[in-house]
2 protein chains.
Amino acid sequence: MKLLAAPARLSTVSATFEQDFAARLHWSAEQDAAIEQRVADILAQVAERGDAAVLEYTARFDRLQAASVAELELTQAELQAAHDGLSAAQREALTAAARRVRSYHEAQKKACGQSWSYRDEDGTLLGQKVTPLDRVGIYVPGGKAAYPSSVLMNAIPAQVAGVPEIIMMVPTPGGDKNPLVLAAAYLAGVTRGFTIGGAQAVAALAHGTATVPKVDKITGPGNAYVASAKKRVFGQVGIDMIAGPSEILVLADGSTPPDWVAMDLFSQAEHDELAQAILLCPDAAYIDQVAQAMNRLLPELPRAEIIAKSLSGRGALIHTRSMEEACEISNRIAPEHLEISSSEPHRWEPLLRHAGAIFLGAFTTESLGDYCAGPNHVLPTSGTARFSSPLGVYDFQKRTSLIEVSEQGAQTLGRTASVLARGEGLQAHARAAELRLKP
Amino acid sequence: MKLLAAPARLSTVSATFEQDFAARLHWSAEQDAAIEQRVADILAQVAERGDAAVLEYTARFDRLQAASVAELELTQAELQAAHDGLSAAQREALTAAARRVRSYHEAQKKACGQSWSYRDEDGTLLGQKVTPLDRVGIYVPGGKAAYPSSVLMNAIPAQVAGVPEIIMMVPTPGGDKNPLVLAAAYLAGVTRGFTIGGAQAVAALAHGTATVPKVDKITGPGNAYVASAKKRVFGQVGIDMIAGPSEILVLADGSTPPDWVAMDLFSQAEHDELAQAILLCPDAAYIDQVAQAMNRLLPELPRAEIIAKSLSGRGALIHTRSMEEACEISNRIAPEHLEISSSEPHRWEPLLRHAGAIFLGAFTTESLGDYCAGPNHVLPTSGTARFSSPLGVYDFQKRTSLIEVSEQGAQTLGRTASVLARGEGLQAHARAAELRLKP
């Protein structure tokens, strides 16, 4: 049977558009009670029994026997050997990607990750100092979704932030190590690595064990167990975000070759059957061309079945009244990846308020951003771009407010604080301010 | 019976210091299963039945009957009337505080909340645009801990960020409204307010009801129900942080009048019996003077009982070998509020890596920062300053990465992306990049 790319065809002029659109967008993170309970148990066991519990879970879930957690540690020599053993093409590509990702995050640190302060008219110093976290853990999925690019995207911003210790956790089911992942860890400056995965890896990082050091923050994507564990330790340690399925939204004015747009939609759909690929376009004839291109190009792809399922389940080609309306709909979706596949990308960009990353113009296929353009590929999914941001240097820094009040400043500020503190019934606050007043 | 201030007396030279210190610091957020279940029910009910459920819970928990949620809305006229009805001293103090808080957060936005971009040598545009959230909810505790200053500290950064809609939720048990809270909402630019509290307020903001609009992020402190509800909706909406009891750490070199330090310690201890006040000082005689001052000053304070309980349960006066050692211990605690009560505050500040806010010099009592110095008083507690930051303009903004690759840039980037995508087994990603290569 020939595979078909069968995304839903919607039109904003249709009377049923709102309900069709809502049905396509609907997705909710499964809150599987059974998973939650098992994760709670794993966290409790690792907190209580440390290394011994980690070894048991690793043997059970990853079929990997070890006499000690130290045996699960990846040595720097092993990381370097993986790097040196790559083909020249792979080594060069990985090195080029790491260099660009580092250079972008250095610019980011310069733009928004610097300490700042000023003195007001009373001589009061106010500001914030920005400092790196002491130690972070990055989780790297293993098995079928082992992405070396994710190692770069998590470790490099931490390194640029100045985090002295970066601990990588990567499951290696059956002991099978991915050389590209190890090589990426070498290039990205991972300090220590362990072949531990799942909720037990998150637990070890959050609580610390005799062998695995406790970290201050855990970043990186993972399966439902990892996501549940991260959510559960949130507060004891920092976490980045809880990622949902990947999404792409293409805003097209009809000026890009239809094959390009079709392949861009596929490049999200191939991640996962739950991934979402949406095209918004005011040109019905162009939408037909993209649909034809999809059916022509689909069979040549190894992951055609996943793509077909993703598109028929969650994909959509949406005919809009105008590019302006397309922008409004995009804002309602707040997509993870947003391509403006237009000859005038800068005309539409200012209208787009919510997205993880915006790719401007026909040459900026999302795939370049995923690997090597420089910006981070860890982006808010499932509409969370309404309130959250790409992973960045700022996720590996924290801010401390600085306040230095002069004797003179304490006179005016003290009177204000005293009135307000008494209004709140906090007399010790008031008295502390009043003690600094000159008689 | 005369109340005594009886913090633990520790010394770093003691053989039992490490265990005594660990015992004092120990605090863990209660994970009360009964509260969690009730909160889960409230969230589910409000998600399902909207306004009707909100009205029922408000009647039950806040003894406040209303025929509709619209009746629970605070009008702008009511907020303004509360402001106009304050005493001149209170109105001026609140206005002065709001002005300084706004001016600090404007400086913060300028320093670290601006969009940025650059073009690399290939002509590729890279950067991030920074935009405000569309709509946020701020939770303001009612009843015994109703703090108008918290209204300013939550709403003003949102307003400075450019958030167009700020929805305030404040419980008013028995219908009792706090005029200072309402006046602060007026000054801080709150768009809409409702007298709804508890988990039902968080639920209404996170899910939206017929009357309460769904928001993108919820900030502000609350009791165990509010904290549990915030943690549960985290991911559907953004949240700020889960706050624990308040803390102060004073690093003293003995140059500040002992009464001042004693009162500063009290000003945290008076918040809550679980609040923590710690003094670190290398001068044993000075510690004695502070202890004497505490016992002398305690009886004159209305909240003396709370202070005494907080100090005896969690307070500590710690004699250190040196100021350097005091700084190291402070870093292990990562306190919410850190006073450098020293004649040389700038000598010690660079040694302090983790704190919510640092108050430099004897005149900078924490109380000035709580009310009116300008920086935010919503700060990371319970050691979370290791990885998190004061509430700020950045909490009400999000970032969108921008990438525009030129045709020329697509040639080099495309080759790199193609190699890496094939290494990850993602052929559609590879093909999308390859389609942009010139033949």
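Even glycines carry a Cβ here, placed using N, Cα and C.
What TrEMBL says about a protein is an automatic prediction, not a curated fact.
Taken residue by residue with DSSP, A:Glu336 (active site, proton acceptor) is part of neither helix nor strand, so it is coil. Per TrEMBL, the feature active site, proton acceptor maps to A:Glu336 (among others).
In the shown protein chains, 27 other C-beta atoms lie within 10 A of the C-beta of A:His337 (active site, proton acceptor). Marked as active site, proton acceptor by TrEMBL: A:His337 (among others).
According to DSSP, A:Asn223 (NAD(+) binding site) is assigned to coil rather than to any helix or strand. Among the features that TrEMBL reports, NAD(+) binding site is placed at A:Tyr139, A:Gln200, A:Asn223.
Contacts of A:Gln268 (substrate binding site) defined by a Cβ separation under 8 A and a same-chain sequence distance of 6+ are given as A:Ser246, A:Glu247, A:Ile248, A:Ala275, A:Gln276, A:Ala277, A:Ser310, A:His337, A:Glu366, in order along the sequence. According to DSSP, A:Gln268 (substrate binding site) is assigned to a helical segment. Taken from TrEMBL, the feature substrate binding site covers A:Ser246, A:Gln268, A:His271, A:His337, A:Asp370, A:Glu424, A:His429.
The feature Zn(2+) binding site is assigned by TrEMBL to A:Gln268, A:His271, A:Asp370, A:His429.
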Residue with minimal Cβ packing [other Cβ atoms within 10 Å] among the recorded positions A:Glu336, A:Asp370, A:Glu424: A:Glu424
Sites among the recorded positions A:Glu336, A:Glu424, A:His429 close to chain B [C-beta, under 8 Å]: A:Glu424, A:His429
Nonlocal residues around A:Gln200 (NAD(+) binding site), in sequence order (Cβ under 8 Å, 6 or more apart): A:Ile42, A:Val46, A:Ala53, A:Val54, A:Tyr57, A:Thr58, A:Phe61
Intrachain C-beta neighbours of A:His429 (substrate binding site), sequence separation six or more, cut-off 8 angstroms: A:Ala417, A:Ala421
For the binding-site residues A:Asn223, A:Ser246, the one whose C-beta sees the most other C-beta atoms within 10 angstroms: A:Ser246
A:Tyr139 (NAD(+) binding site): tally of other CB atoms within 10 A of its CB: 29
Candidate nearest A:Tyr139 (NAD(+) binding site) in space, where candidates are the recorded positions A:Glu336, A:Asp370, A:Glu424 and distance is Cα-Cα: A:Asp370
A:Ser246 (substrate binding site) in three-state DSSP notation: coil
